[in-house]
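Per Swiss-Prot, the features are:
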type: BINDING; residues: Ala14, Met15, Ser16, Gly17, Gly18, Val19, Asp20, Ser21, Leu40, Gly132; note: ATP binding site
type: ACT_SITE; residues: Cys108; note: active site, nucleophile
type: DISULFID; residues: Cys108-Cys204; note: disulfide bond
type: SITE; residues: His133; note: site 'Interaction with tRNA'
type: ACT_SITE; residues: Cys204; note: active site, cysteine persulfide intermediate
type: SITE; residues: Gln344; note: site 'Interaction with tRNA'
Amino acid sequence: MINSNDRQSTLVVAMSGGVDSSVVAGILCEQGYNVIGITLQLYDHGMATAKKNACCAGQDIYDAKMVANKLGMPHYVLDYESKFKESVIDNFVDSYLRGETPLPCVQCNKSVKFRDLIKTAKELGADKLVTGHYVRKINGDNGPELHMGLDPLKDQSYFLFATTKEQLEYLDFPLGALTKDETRKLASKFGLEVADKPDSQDICFVPDGNYKNVINKIRPNASESGKILHINGFELGTHSGIINYTIGQRRGLGISYHEPLYVIKIDPNSNIVYVGPESALNVQEFVIKDVNWLAGSLKDGEKLEVSVKVRSTRPPRLAEISKLEGDRMKVKFLSEEKAVAPGQACVIYDGTRVLGGGWITRDVIPA
């Protein structure tokens, strides 16, 4: 499973305390590698540290340590709270204040889990950093390629689009060809107590799923009231802060109208939430920024037919991308898509291969 024939290689496993990374550690120990487990303490929000479906907090650190003891491997806990707050939590909060829908898991993988943890692994003399993500690393003609996991229900490639070529060289993902059931069976085989542990939540640092409390704690003036306008220009009511809204939202708008209304646009500068009929959510094209490209090079103006995902839970859609100046791309759907939200990621695929991706901007053109 690991691209190394040297059983004397030292491999660092990023251990969250969950079943996936624990099984990775078990696989590598069984194969005879020198394995070091590292768990990152990322936050401490009271209730969240004791939740069974959180990650990288109190109970999970204990679980990771117990797994390491069971497997007879060294294990270290690193305090990354300040790095995590700076790179992930602050970005999450500020994204909502910009009227965006943030994606903290990508930011965490991009910065803390890969950039910072790879640096630590190299300082320990490790040959690879190995994680429990459900993606595949396949050696292509021009180097390693990032591919979807074989299990479509667990594929995590959308969340790893920002992985750089250099990071991909150093990473390995042994679970990419497995299903979750197969992973749990391996956990039972290794005698790991986490075999039946529930999966972690998407936003690990938000207690009880109430992200607004996190935002208001860090930015006390975040919930500033403002107008709710119909896209045709007339006022329908007031809101208690743009952080309470996301593109495509229908429920909880706090207004009444003779037809269902959806959030179409959020303007942070004027503090206005625009609503309209479902048809107004249709998008034909948009621009992405901070593009990470893993497949060769593209010239400005060059076009390519691909498939793209604009939400992790949506299937890929056929689209045409064209390279813009700098690190931006234009994405044009071959058939319109709904509710393309600024702040989310657009991940670009060729079949199962991740070609790259970027962050959706406000440059969204309705259908």
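The backbone N, Cα and C atoms fix where each Cβ goes, and this holds for glycine too.
Computed from a predicted structure; not experimentally measured.
Within the set of recorded positions Cys108, Cys204, Gln344, the entry lying nearest in space to Gly18 (ATP binding site) is Cys204 (CA atoms). Considering only the recorded positions Cys108, His133, Cys204, Gln344, Ala14 (ATP binding site) has His133 as its nearest partner by CA-CA distance. When the C-alpha distances from Gln344 (site 'Interaction with tRNA') to the recorded positions Asp20, Cys108, His133, Cys204 are tabulated, the minimum falls on Cys108. Max Cα-Cα distance over the annotated ATP binders (Ala14, Met15, Ser16, Gly17, Gly18, Val19, Asp20, Ser21, Leu40, Gly132) is 16 Å. Annotated pair Cys204 (disulfide bond) and Cys108 (active site, nucleophile), C-alpha to C-alpha distance, rounded: 11 Å. Listed in sequence order, the residues of the same chain lying 6 or more apart from Asp20 (ATP binding site) and placing their CB within less than 8 Å of its CB are Gly132, His133, Tyr134, Leu175, Thr183. Taken residue by residue with DSSP, Asp20 (ATP binding site) is part of a helix. The secondary structure of Leu40 (ATP binding site), as reduced to three states from DSSP, is extended strand.
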